[in-house]
Ligand code: KG4
Ligand code: ZN
């Protein structure tokens, strides 16, 4: 079975082909980041229009990369939610139409299930069950994963997602959108412990997160440390970036440890854009060594949005006989625990 996967939920157009025997055989990605950077964030209407321009050429490029013709595709999977409604509708319309024309089934995939299953594309995939920490621009969730579709939400952010907090703090530090990776780079030059940020919601039981206060803490720290020219000197920028990043990471680690203790599971999966963060990976490796467990990640290019994770999640579900009807429908808000178990 060979599945074409299409991701258009936000600001990346991703197209990939997953082959049951050979694994991933094509992966194409176009990022709109440069276009949105001028506006300091994603402009939904511009995102939709750009997906319209890029999706079909990327599908052609993916077929060429895999040396396939359209009649060798057995199903089309697309991100049906959560995400920006206009952007989702572009992928859904193209996917549903191609599947109809090719006479194959189509399936709407949950974007976060795509992220969650992305580590399965690696050489050493995790076995079920495991705890998943999903950390992206729109979500921060701890999920108990017993099988594909068997998900229990253990905790989530009650306000900003971790990636969103990275991006907002990066903006305060004068970095372009989305500033998560750039902030992490600044943090590498930071002096540990010059500034200490709070570790929100770690002083009480539970597995929920709150990151919006860290952005305010960063804004106040910046204001208190401006030089006589009213600017931040470079070392202070790095030190604030370091303190912010360490607070997010420590908070995530404390909650991961709790989730593992609560479930008794020994395997942890981290996925979503923030899982590309090197310091987070280093600190989590240390935690798992201490707990005698194992941590699994997607390769860095599959931490952020991509078509491969949608092709793979779609393959598992289409193989199981699931498919959507002929209507084009998307779910901008969609709870992952509503998904069917496989
Ligand atoms: O999963 P993703 O590509 O998109 C969503 O589904 O939201 O995640 C994007 C998020 C952005 O907030 C971005 O700044 C953040 O992931 N990110 C990082 C790093 N690389 C990407 N945050 C911290 N450190 C990084 N290295
Ligand atoms: Zn994502």
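Heads up, the Cβ atoms here are built off N, Cα and C, so glycines get one too.
Summarising the annotation, TrEMBL assigns Fe cation binding site to 111, 115, 305. In the three-state DSSP scheme, residue 111 (Fe cation binding site) is classed as helix.
The substrate binding site annotation in TrEMBL covers 134, 135, 136, 137, 138, 167, 180, 277. The Cβ of residue 167 (substrate binding site) has 41, 137, 177, 178, 179, 180 as same-chain neighbours under 8 Å, each 6 or more residues away in sequence.
Annotation comment: TrEMBL describes 24-312 as domain 'Gcp-like'.
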Using C-alpha positions only, work out which of the binding-site residues 134, 136, 138, 277 is nearest to residue 305 (Fe cation binding site).
136
Report the member of 134, 135 (the binding-site residues) whose C-beta atom has the most other C-beta atoms within 10 angstroms.
135
Rounded to a whole angstrom, what is the C-alpha distance between residue 138 (substrate binding site) and residue 111 (Fe cation binding site)?
11
Cβ under 6 Å from ligand 2: which of the binding-site residues 134, 136, 138, 180, 277, 305 qualify?
136, 305
